[in-house]
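As given in TrEMBL:
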type: DOMAIN; residues: 15-404; note: domain 'Glycosyl hydrolase family 13 catalytic'
type: BINDING; residues: Asp23, Asp27, Val29, Asp31; note: Mg(2+) binding site
Amino acid sequence: MQDNMMWWRGGVIYQIYPRSFLDSRGDGVGDLNGITEKLDYVASLNVDGIWLSPFFTSPMLDFGYDVSDYRDVDPMFGTLEDFKALLEKAHSLGLKVMIDQVISHTSDQHPWFQESRQNRTNPKADWFVWADPKPDGTPPNNWLSIFGGSAWTFDSRRQQYYLHNFLTSQPDVNFHHPEARQAQLDNMRFWLDLGVDGFRLDTVNFYFHDAELRDNPPVPKGEAKTLGAPEANPYTWQRHVYDLSRPENLDFLKDLRALMDEYPGTTTVGEIGDDNPLERMAEYTAGGDKLHMAYTFDLLNMPHSASYLREVIERFQRLAGDAWPCWATSNHDVVRSATRWGADEDPHAYPKVMLAVLFSLRGSVCLYQGEELGLPEADVPFERIQDPYGKVLWPEFKGRDGCRTPMPWTDGEQGGFSPVEPWLPMEARHLELAVSRQQDDPNATLNTVRALLAFRRSHPALFDGDLSLVDVGDDLLGFTRQKGDETLLCVFNLTGQEQQTTLPVEVASDLPVAHFTATRDGSTLTLPAYQAAFMQVA
Ligand code: GLC
């Protein structure tokens with residue numbers, strides 16, 4: 001087992017989307033007590049901790065990613081006392097608790113913004129990004145909101161525009177203002193004092209903007225867009241040089257790290273959406289004086305072949321130094337991986353081998369609720385769409401509701417999530433994949449996850465060992481993981497055909513993991529479709 005202070009390095013973090021985990025109050029929306037009730041289940045997955053998406057006071061226009069009080073629980077989810085009980089139960093089960101911090105922007109209902117928008121002279125006048133219109137009345141520059149339209153909204157009282165990278169109701173905090181920066185760090189300290197083990201930092205590279213408000217240049221034709229936004233979104237047609245990933249952010253991240261270091265054993269994982277995500281991840285997590293970990297959209301987007309994964313690994317290794325990634329293949333913002341990648345493969349077999357890859361990469365892991373069940377993306381009819389982002393780009397992009405539907409605990413009414421109709425519909429296809437249906441089936445994705453994570457726990461090389469790619473042919477992905485005396489060889493077949501390869505290293509023994517089958521004859525390895533093999537290197 002890991003040194004407890006370093007639990008996060010190689011740790012597996014289970015992401016819970018509170019609205020959709022378990023409704024304990026019967027109002028159709030999940031809540032904190034519902035999560036507490038299911039922590040035994042979470043612990044049974046052999047994960048190291050949880051990340052809770054926002055449960056703070058919020059008008060919920062972006063479902064909690066628009067915070068109006070950073071230090072309290074929204075009544076929809078319960079009370080601060082409920083959170084303390086959750087924390088205590090999690091800790092008693094050996095689970096770490098990370099919470100989401102959305103400090104780059106607030107809700108427009110937050111008292112800071114309410115004050116700031118009054119006039120140009122109040123004490124919080126510059127806590128948000130205000131700028132005069134151009135002489136023709138149009139916005140100060142060409143920056144766009146990810147959720148559609150200009151990133152600037154005019155406020156008639158101040159006769160100025162304010163900046164928002166997301167909804168108009170999510171004004172961007174001015175990180176050039178030292179008091180605003182400090183106030184956000186103080187909000188984080190509140191939760192550290194309460195005993196949380198770390199933070200997922202929303203949009204961590206969006207904190208600063210270019211103080212000169214220079215226009216972003218267009219993306220040259222044919223250049224890859226890696227931000228994580230769909231191509232239908234004009235946001236991806238700009239190079240985001242001036243509205244995010246500004247150099248000043250590095251100093252702020254150092255201040256943030258200094259705060260974390262006052263609370264030993266705590267950690268951070270930043271969300272990075274950037275034109276050069278792996279470069280940014282390397283920059284933000286190297287050196288031990290900024291973030292502990294970060295995730296990008298490299299495994300949250302479309303490509304998924306062995307050659308694509310090799311390319312991502314290679315690119316990251318080239319840049320990495322002592323940087324530390326946290327890999328994710330699904331979360332509350334993207335189409336579930338079982339559909340995104342599995343739809344053109346075998347939707348039942350594919351999730352298992354992909355999870356095997358995810359749990360074997362060098363880095364930590366975020367596993368999204370329902371991913372352990374191999375859930376496909378839910379079909380949410382237009383009339384039930386909740387996500388404002390989905391409404392803007394429909395039907396080209398249907399938004400993020402399809403990955404946010406309620407957890408299927410049983411195959412009964414509403415999947416055992418709630419006694420009433422939930423805020424997003426229970427997907428009918430999820431019922432046959434419910435926890436109760438998979439629980440006792442050794443071949444189910446759920447038990448494959450348990451087996452893989454138990455295997456990861458018992459092999460330090462998989463936690464934080466070095467990774468070297470090995471040549472097992474174009475169609476397979478292969479690498480070794482090495483720490484101390486232990487070297488493991490991991491080979492994955494992500495295709496629907498049996499593959500055979502000659503192993504480039506000498507194998508001492510095969511390491512069986514439940515569900516996975518392979519045959520090895522000396523140095524010849526045969527992997528059936530969607531299978532993985534783990535071996536001890538001589
Ligand atoms: C992050 C969150 C996403 C949210 C956005 C704005 O990308 O993951 O859900 O809408 O930030 O806060």
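Any Cβ shown, glycine's included, is placed from N, Cα and C.
Caution: TrEMBL annotation is automatic and unverified by curators.
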Fewest other Cβ within 10 angstroms of its own Cβ, chosen from the binding-site residues Asp23, Asp27, Asp31: Asp27
Predicted model, mean pLDDT over the domain 'Glycosyl hydrolase family 13 catalytic' (15-404): 95
CB-centroid shell, 8 A cutoff, Mg(2+) site Asp23, Asp27, Val29, Asp31, site residues removed: Arg19, Ser24, Arg25, Gly26, Gly28, Gly30, Gly34, Met76, Phe77, Ser418, Trp423
Neighbouring C-beta atoms (10 Å sphere around the C-beta of Val29 (Mg(2+) binding site)): 21
